[in-house]
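**Student:** For reference, the structure I am asking about is given below.
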Amino acid sequence: MSYNNKSIKELHELLVNKEISALELTKATLSDIQAREPQIDAFLKVTEEKALKEAAAIDARGINPDVVTDGISIGVKDNIVTEGIETTAASKILGGWIPPYNATVANKLSQSGLITIGKLNMDEFAMGGSGENSSIKPTKNVWDQTKVPGGSSSGSAASVASGEVRLSLGSDTGGSIRQPAAFNGIVGLKPTYGRVSRFGLIAFASSLDQIGPLTPTVEENAQLLNVISGFDKNDSTSSNVSVPDFTSKIGQDIKGMKIALPKEYFGEGIDEKVKEQILAAAKHLEKLGAIVEEVSLPHSKYGVAVYYIIASSEASSNLQRFDGIRYGYRAQDIKNLEDLYVKSRSEGFGPEVQRRIMLGTFSLSAGSYDKHFKKAGQVRTLIINDFAKVFEKYDLILGPTTPTAAWDLGARVDDPISMYLADLLTIPVNLAGLPGISIPAGFADGLPVGMQLIGKRYDEETIYQVAAAFEATTDFHKKQPIIFGK
């Protein structure tokens, strides 16, 4: 029997009332994964034996009635370090690496009774927006297996949208949670920068990376954010701010809420069908009592250029540690030390990772630093100021999550610029360190369209309040791909 249509609150009730055991639920989840995996390739590793052992231990001690996540399975993106479980970031260079420690979020999952059931596929080192850059295998879109699932958290989105798991963790550097959530018709949140510890997250761009939850519904998303948030002394960028109950405003009226609609988010490059769905969603929020007004974020058009300079520069620095000596892939038949470095990195990193390392190295070079990296930092400040100005008058910003719905597998592989532009609307949120969510808001040619809601720093509750109000009065989140029922 499959339980994939039940929320974690409903599953919790079944577990507390002993209508099902954690072991039975875990076995059902493993069956769901086995049935769907051949079509979507969301998982890189399923930790069946470990998961069953943990479930049996939970049954032995008894379900905690006060912890809604106790005994529930979760999938974890493969750039989040898990002790004793191979963690590769979907890269050949980390093949076979078994971490001796847990990421802080992995410990928090265990402390909340969540069972890590496997590691999820992704674009290599989280570099990519389609899911095609995994060095192992590409994940497929659950609505149409000829389409991309989005990236880089491709497996995190596909595993939830297909009904393999109810919950997953991803990471978001320029849209890597929100974009695949949009493409697969689920809920994905990038929390405020510093809200969730990055200790144990394999670094891509340290000033932009953030771990976040992907779920079928808004409430489950907030429940998972409750688990993973909080200050961590092991992460110097972790914020020591109080952590609220993120579900506290769910169900509250949104009458009088002021929502900004940036004109730049509906301009050139935005598909007409996507635009139509998002403007209809804005009208729907007006009917619920929100005040929606057009604003301008004038520097957002520079976001993609700024991002690819800053992110690539940080990546070129972060990825220096993969040298073929300390851990990971080591080339054979080498002549000297330099040859070891060159061959190990050339053979171990995929083409997109190499492209970004070269771009970053160029941006940081003596002749380009002022012209590129320094200038990008200055424009980043202008983007931050644009958001701050809008948030003086408005509670939230609304727009499409992506300019288009999912495209064909392989269609943009040889055109990196068109691939990069897919993150046009999500990147500014990372540059400003703000929280942003994608929720299902319609369909374009049978493929899901996501609506993005952007909030003030540390105000995820208001995002969840408005997202839940929209979800409760629409049925987009209830629509499921054919694969879900298999």
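Any Cβ shown, glycine's included, is placed from N, Cα and C.
Swiss-Prot lists LYS77, SER152 with the feature active site, charge relay system, giving sequence analysis as the kind of evidence. Annotated active site, acyl-ester intermediate per Swiss-Prot: SER176, in sequence order, evidence recorded as sequence analysis.
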**Student:** For the residue listed as 'active site, acyl-ester intermediate', write down the residues of its own chain that are at least 6 apart in sequence and whose Cβ falls under 8 Å from its Cβ; none is a fine answer.
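**Tutor:** Spatial neighbours, sequence-distant, of the residue listed as 'active site, acyl-ester intermediate': ASP123, ALA126, GLY129, GLY151, SER152, SER153, GLY170.
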**Student:** Show which residues of the chain containing LYS77 (active site, charge relay system), separated from it by at least 6 in sequence, have their CB under 8 Å from its CB.
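**Tutor:** Non-local contacts for LYS77 (active site, charge relay system): LYS119, LEU120, MET122, SER153, GLY155, SER156, SER168, LEU169, GLY170, SER171.
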**Student:** For SER152 (active site, charge relay system), list the number of other Cβ atoms lying within 10 Å of its Cβ atom.
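**Tutor:** Result for SER152 (active site, charge relay system): 34 other Cβ atoms within 10 Å.
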